[in-house]
Amino acid sequence: MGEVVETSSTTSTVPTRAPEILMESGAPPQVSVPPMQAQYNSPSLSRKPLLLSLEPPSNGAIVKAISRTPNFLTPLGSPLRRAIQLTRLDPQDAWLPITESRNGNAYYAAFHTLCSGIGIQALVLPVSFTILGWSWGIISLTVAFVWQLYTLWLLVNLHESTETGLRYSRYLQLFSATFGEKMGKLLAIFPIMYLSGGTCVALIIIGGSTMKLFYEIVCGHDCTRTHLTTVEWYLVFTSAAVVLSQLPNLNSIAGVSLIGAITAIGYCTIMWLVAVTEGRLDGVSYDPIREDSNTAMIFSILNAFGIIAFAFRGHNLTLEIQATMPSSEKNPSRIPMWRGVKVAYLIIAMCLFPLAIGGYWAYGHKIPANGGMLTAIYQYHGRDTSQFVLALTSLFVIINAVSSFQIYGMPMFDDMESKYTKRMHKPLPWWLRSVSRAMFGYGCFFVAVAIPFLGSLAGLIGGVAVPVTFAYPCFMWLKIKKPQKYTTIWWLNWVLGVSGVILSVLLIAAGIYVVIDTGIQVSFFKP
């Protein structure tokens, strides 16, 4: 089998250190690599290799082909050079919404990470403190924050490989490339799809309910106008989300993510400020809640850990966000990505820690288990707090929910469109893209209306998704990077990975116990 040889696409005659290579007549055509900069290539990318045909000499003599490869790719046997020589590129990535545009930057990364990293689930963090108490609550929140930030760093550095020359632009893609297609379908596809589709369903329920509350605040207690039902408010929210979902790709929603990030920071800040400025409620206690039996107490503690673990989300979107950036060997995408992530998580910490600590200080064991801070603001301060502040808080929650719907729906859009491009070998027409995204949005609406008790199963299903954040990145790092055994980094990843799996199993068990112990009020089509 003949060798694959690189030639420059320019006519420069500047000599390089690469040796001359003898090529026999009839060898395969040369593959041209851009001479100025080595690009990291996705397993599916929009560029096609430039194939140059070589006319064999009539006399059958040996022909010399001088390598024009830039110096930074030498020596010839370097893994990066071999990878770039042999990698086949696929045009499909130019047709899919995640990788359609690769002009992202650190600012876009910060916007997307903030919008996906702060969510309504963070508002129930003070509930975990009622079980764990001050010390263990703060310790657990800090450990979880550092843990998930470390696994996020692992994902950012696993996005592109200098050994294979590939970019893994999707979480499932990286997992399947590491452990195989069967393991990907068995262990990763459900939690990843749940973190996208399930979150969109939850956002419809939260956004629609908050829209109804916002209307009641603005209209006033004596309003005589006809009110929409809960289902109708779900439909209003879904329609707004579907209209925004027509933006073509992940880079095009950077402005939407910025607005979502600002509103998330806004409602988190307003809530803990109102709670602290209004002062502690009368009769507040900080003694951890004790259950009657040891079994109930154990599962109660696990539930508290689950609340903290579920507060951190967005790891299933990290590789997708990084895929929107240009990348090369000289300027890898991990540098601007990590810069944006650091800023985003500094802001996230400034939101979550005051929210958890300030909320628990103000309400103690009286914090509502259902809704957390959002319910507490209206329940305890609905009359003595400005209606403008309450309405603004509700409006921020609505806008953030609509914005988050876009970024969490993008992996689903990408997956749906990839089915078409693989079969038809061409991009999805604009009208079919609009129809498919509308079908997804209203499909989520149907699930939100048909199964309103889905929130009761959140702990059970959410436990399955915990490894995506806390365990899988550690195992992928061990498999791909292969650190030396018994070194610090080896032990750290093994301990965190195994701990993440154990935590997932325990949370699933706790979810099953809660379902059996408290039961579920099954009411189809009655939100």
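Any Cβ shown, glycine's included, is placed from N, Cα and C.
Feature annotations, courtesy of TrEMBL:
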| type | residues | note |
| --- | --- | --- |
| DOMAIN | 103-516 | domain 'Amino acid transporter transmembrane' |
| TRANSMEM | 106-125 | transmembrane segment |
| TRANSMEM | 131-156 | transmembrane segment |
| TRANSMEM | 186-206 | transmembrane segment |
| TRANSMEM | 226-244 | transmembrane segment |
| TRANSMEM | 256-275 | transmembrane segment |
| TRANSMEM | 295-312 | transmembrane segment |
| TRANSMEM | 343-363 | transmembrane segment |
| TRANSMEM | 388-409 | transmembrane segment |
| TRANSMEM | 430-451 | transmembrane segment |
| TRANSMEM | 457-478 | transmembrane segment |
| TRANSMEM | 490-516 | transmembrane segment |
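For the transmembrane segment (388-409), the list of distant contacts is 112, 115-116, 118-120, 195-196, 199-200, 203-204, 206-207, 210-211, 213-214, 217-218, 237, 240-241, 244-245, 247, 250, 253, 256-257, 259-261, 263-264, 266-267, 270-271, 274, 317, 374, 377-378, 381-382, 437, 440-441: same-chain residues at least six beyond its ends, Cβ to Cβ under 8 Å. When each of 131-156, 186-206, 226-244 is checked for Cβ pairs under 8 Å to the transmembrane segment (106-125), 186-206 comes out on top.
Contact between the transmembrane segment (256-275) and the transmembrane segment (131-156) does not hold: fewer than three of their C-beta pairs are under 8 Å, each pair 6 or more apart in sequence.
Within its own chain, the transmembrane segment (186-206) has Cβ neighbours under 8 Å at 119-120, 171-172, 175-176, 179, 234, 237-238, 241, 313, 316, 397, 401-402, 404-405, 408-412, 415, 440-441, 444-445, 447-448, 452, 454-455, 458, 461, 464-465, 467-468, 472, 527, counting only residues six or more beyond its boundaries. The transmembrane segment (490-516) shares more Cβ pairs under 8 Å with 295-312 than with any other stretch in the list 131-156, 226-244, 295-312, 343-363, 430-451. Here the transmembrane segment (131-156) does not lie next to the transmembrane segment (430-451) in space: the count of CB pairs under 8 Å, restricted to residues six or more apart, is fewer than 3. Listed stretches 343-363, 430-451, 457-478 were compared with the transmembrane segment (226-244); the greatest number of C-beta pairs under 8 angstroms is found for 430-451. Within the same chain, residues 106, 109-110, 113-114, 117-118, 122-123, 125-126, 128-130, 134, 137-138, 141, 145, 149, 152, 261, 264-265, 268-269, 271-273, 275-276, 278-281, 284, 286, 311, 372-373, 376, 380 sit at least 6 positions outside the transmembrane segment (343-363) and bring their C-beta atoms closer than 8 Å to a C-beta of that stretch.
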